[in-house]
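Novice: Residues or ranges marked as domain 'ITAM' by Swiss-Prot on the basis of sequence analysis: 617-640. Per Swiss-Prot, N-linked glycosylation site is recorded for ASN139, ASN353, ASN405, ASN933. Swiss-Prot lists 522-539, 594-611, 598-609, 617-631, 1127-1142 with the feature region 'Binding to the ribonucleoprotein', giving similarity to another entry as the kind of evidence. What Swiss-Prot lists as region 'Fusion loop' is 763-783. Under the heading motif 'YxxL', Swiss-Prot lists 621-624. Annotation comment: Swiss-Prot describes 1-21 as signal peptide. Residues or ranges marked as transmembrane segment by Swiss-Prot: 490-510, 634-654, 1111-1131. Sequence annotations record features per position, and here Swiss-Prot assigns zinc finger to 551-571, 576-597 based on experimental evidence.
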Amino acid sequence: MSKFCLCLSLLGVLLLQVCDTRSLLELKIECPHTVGLGQGLVIGTVDLNPVPVESVSTLKLESSCNFDVHTSSATQQAVTKWTWEKKADTAETAKAASTTFQSKSTELNLRGLCVIPTLVLETANKLRKTVTCYDLSCNQTACIPTVYLIAPIHTCVTTKSCLLGLGTQRIQVTYEKTYCVSGQLVEGTCFNPIHTMALSQPSHTYDIVTIPVRCFFIAKKTNDDTLKIEKQFETILEKSGCTAANIKGYYVCFLGATSEPIFVPTMDDFRASQILSDMAISPHGEDHDSALSSVSTFRIAGKLSGKAPSTESSDTVQGVAFSGHPLYTSLSVLASKEDPVYIWSPGIIPERNHTVCDKKTLPLTWTGYLPLPGGIEKTTQCTIFCTLAGPGADCEAYSDTGIFNISSPTCLINRVQRFRGAEQQIKFVCQRVDLDIVVYCNGMKKVILTKTLVIGQCIYTFTSVFSLMPGIAHSLAVELCVPGIHGWSTIALLATFCFGWLLIPIISLVSIKIMLLFAYMCSKYSNDSKFRLLIEKVKQEYQKTMGSMVCEVCQQECEMAKELESHKKSCPNGMCPYCMNPTESTESALQAHFKVCKLTTRFQENLRKSLNPYEPKRGCYRTLSVFRYRSRCFVGLVWCILLVLELVIWAASADTVEIKTGWTDTAHGAGVIPLKSDLELDFSLPSSATYIYRRDLQNPANEQERIPFHFQLQRQVIHAEIQNLGHWMDGTFNLKTSFHCYGACEKYAYPWQTAKCFLEKDYEFETGWGCNPGDCPGVGTGCTACGVYLDKLRSVGKVFKVISLKFTRRVCIQLGSEQSCKTIDSNDCLMTTSVKVCMIGTVSKFQPGDTLLFLGPLEEGGIIFKQWCTTTCHFGDPGDIMSTPQGMQCPEHTGAFRKKCAFATMPTCEYDGNTLSGYQRMLATRDSFQSFNITEPHITSNSLEWVDPDSSLKDHINLVVNRDVSFQDLSENPCQVGVAVSSIDGAWGSGVGFNLVCSVSLTECASFLTSIKACDAAMCYGATTANLVRGQNTVHILGKGGHSGSKFMCCHSTECSSTGLTAAAPHLDRVTGYNVIDNDKVFDDGSPECGVHCWFKKSGEWLMGILSGNWMVVAVLVVLLILSIFLFSLCCPRRVVHKKSS
């Protein structure tokens, strides 16, 4: 027994040492980002570091928060401290037995316990106060406090963070707003529980999610016998004949992070009934220990009874004495007395089995899990803005209903979330702007064109430089700040117009001077080469006739005869043949002198002077010298030619709408196709792309007979017949060792026996001292119980099994006045008398039998599992722990237990199986699974439909139009289409784009499928397919392109609206991202490209737009032109012609 006590002391020391390792802990409160006017409470909890049992009486929960805190945290609460200890008359060498220890009861006061008075949480929302309290889980030497914070939901608005204190430990309370509008964050989705569920309601209209439940006992003195809650438990367990159940009260429970209080028992609330049933089955709670004690051991000393309160004459409470890691709450209330008696039992697990009549208690706090039906909040798309900032860009993302998923391959997203009114705001930085910014937000792919950001920054800079004339500077900046050749041509055009009369003569002068220099250098180089060649030839001729040209004394090779003669006279006499200065007549001395002599080229220079000097020829050089670059005729002619050329370049370099969908098209031809043979299109199309094909089919025998042909193919929709497998759960694996010296293993109830998923192996009646502590009574007694179980279960995702798959597209054709539409799938066709459209096949990564896992909203995408267990699941497999409407499905633990023994030491259990849940193993190898994204999902009880936004799938399409079309019947089209423009928003240019609203009328027929385009006078910038019905139709066209002078009109075929509207300039300081899937379309109508005529028309429209726009800009440009002409006249005056005198 002494060794046993020594072990307890060492355990207490170890627990105390943990206290100093961490002095600040975090208690997180999750709030919805929209706080309504209804009632509601938020709750948070945190486990603190162990504290010694002796210091518990001095604990006081302090707060620096600006809450209206209930006074219970400072109120003294009388409790009975019930402990166990070795009997005083037990000898040191005595063996452990049921008679060697005893219980002890004392009275003391504790402050801040979770003893909540009545009406504190029941009152109206405006009168509710914040409750801060703590619970205790203790062994004989130390306690683990658990701090609870229950606050009205409006504190989410008034509080960001504050501090709580318990003893020497500090708790940082952090209010964190989730992206949920009003629901709770479960499985990455925003879940709103349904308080009342109609059984007749279709099952696919709600979902069932398991969320944690925290309950607090509230004693209440009343004459209502229905509040004898122990009687309720006994009734559920069909226990009768018990009379000691007089305590009256109820539990107030909270679901998840925020909820209304639920009062248990309440028979008309199905949630309260379920919680009451779970309490009866798991009286200690469904969460069995702290997160840090998943692998632990404890030793049972034995059963004992005691007095509560200590003044009782007989025992009123019983339990099991233990040592080791604490498991459950050590605070209870006595069930037998009507007046509440609170018990604190460190090192004792009180009796809470409701099938026992006497000496039982109720836990002061209870934690469990509750499956609840409810709905998932709908999500909205994100709006993303970006601005240039330094070398990168600052971006903001907004969403009305919260941002549940945001990522970017080009930006740094720190996940720090803020809320702006009813919207969620996330700010992030993009370091590079040389590539377009790509952001995935709420299941949508957004792209921000960085060149539009550069345009905005250019306009801002230009306007800032010329801030004295902001209106004029801004209008000019809008025209100049265009990227690419188009922008440079605009700058060149305006510079030529304003300053051409100065720039042309200046540039001409510089060019002429450079050409003169080159002409002179080329001529000079030619003269030097000829001179060197002449000297070489003279030397060669002298060598042929006279012999060597090398001096015999200094060995210097001479180039001419006079130089050799001077060497022969001077070198033998010790004189330099060039400067005639005396030196030694040796080769080394003469050669050293030649290196410093400055007259070694004297003979070459004399020969050069004797030749005639070079005179430049009178051809190119003279022409350049006398060129009249200052002539008004020359400058004016060049000025006009440059303006015309620059206008053509400006128009030709304008951006056109580019198609970037990765599709392959084998169709060729113009807008009008003579139908000499069958018209066939055979192409592959990405799943997210739409395809529009329009042509006029011409009769080759009669060119006047034409049939309009329109073909539209919608984006692919994936239809999956599914089986809802339920919710995948994650849990904590626990390995426990329970040991006692005497008695069979069935003598005690172990904690894992009330867990939903557990496995136990008992090693009963040890046969030797090798597995018995020294203070045990002997061999052949006692038990080592090994158990593994799962707790802290939480839902992590929804799981669906694919039964069958179907890939469909909506196809429509309009041939003359005949219209036909059909939804086709793989190996299906739309067939008419003249047209056949087939989807031949689909390349897909989905297969029947796959399992789809969604770890958040459907829009966040999912993971494809090729193998998913549904029948015999092992712990660690995908699908190991499942929550289904039929209940919890537990996995099998395939490992084996091993009892680790040492002589005279308490044994411990080891487990050689897997200890990681399937969810944790999946996270560790997530990159090995295929993932997919979803857009526009629609789910029912047995089907799931969605669109693939990534274009990861492709369809093979084949279209054939028979050449035997009846031109006589179809060429006469009675349908009359009229177009008019209604409104426009957005900006011209190739960045942000614009939205043109058209009013289209249809007469003479009931319906007509055609395309409406957005065009200016020169070309078109966007189109859409419209299925018109008789009367007025509103059509929206998204386009990109144009210029400041573009008046965008609504056009059908060659007819356009009589008026057009101008779009705004692309100078917004914030650029909005666009959805890639909205722009993922192919439009092919065979219209010709913009040619020379189109270029001049576009240039004229642009000039007219400038003239009709800000007239001050035109005035400034004209003033600059006049000023440049005036300066030209001053600098280049007219040449005076002198007449000859007669």
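Any Cβ shown, glycine's included, is placed from N, Cα and C.
For each feature listed, report its degree of burial, its nearest neighbours and the pertinent distances within the displayed model.
Specialist: Classification of ASN139 (N-linked glycosylation site) by DSSP places it in coil, neither helical nor stranded.
Residues within less than 8 Å, Cβ to Cβ, of ASN353 (N-linked glycosylation site) and separated from it by at least 6 positions along the same chain comprise PRO283, LYS360, ALA749.
Every protein chain considered, the tally of other Cβ atoms within 10 Å of the Cβ of ASN405 (N-linked glycosylation site) stands at 20.
Computed over the region 'Binding to the ribonucleoprotein' (522-539), the whole-number mean pLDDT of the model equals 63.
For the region 'Binding to the ribonucleoprotein' (594-611), the DSSP-based tally of helix, strand and coil residues reads 12 helix, 0 strand, 6 coil.
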Novice: Using a Cβ-Cβ cut-off of under 8 Å, list the residues of the same chain that are 6+ residues beyond the ends of the zinc finger (576-597) and lie near it.
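Specialist: Long-range Cβ neighbours of the zinc finger (576-597): 551, 553-556, 563, 566-567, 569-570.
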Novice: What is the one among the glycosylation sites ASN139, ASN933 whose Cβ has the most other Cβ atoms less than or equal to 10 Å away?
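Specialist: Going through ASN139, ASN933 one by one, the largest Cβ count within 10 Å is at ASN139.
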Novice: Measuring Cα to Cα, how many angstrom lie between ASN405 (N-linked glycosylation site) and ASN933 (N-linked glycosylation site)?
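Specialist: Cα of ASN405 (N-linked glycosylation site) to Cα of ASN933 (N-linked glycosylation site) measures 12 Å after rounding.
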Novice: What Cα-Cα separation, expressed in whole Å, is found between ASN933 (N-linked glycosylation site) and ASN139 (N-linked glycosylation site)?
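Specialist: Spelling it out, the Cα of ASN933 (N-linked glycosylation site) and the Cα of ASN139 (N-linked glycosylation site) are 51 Å apart.
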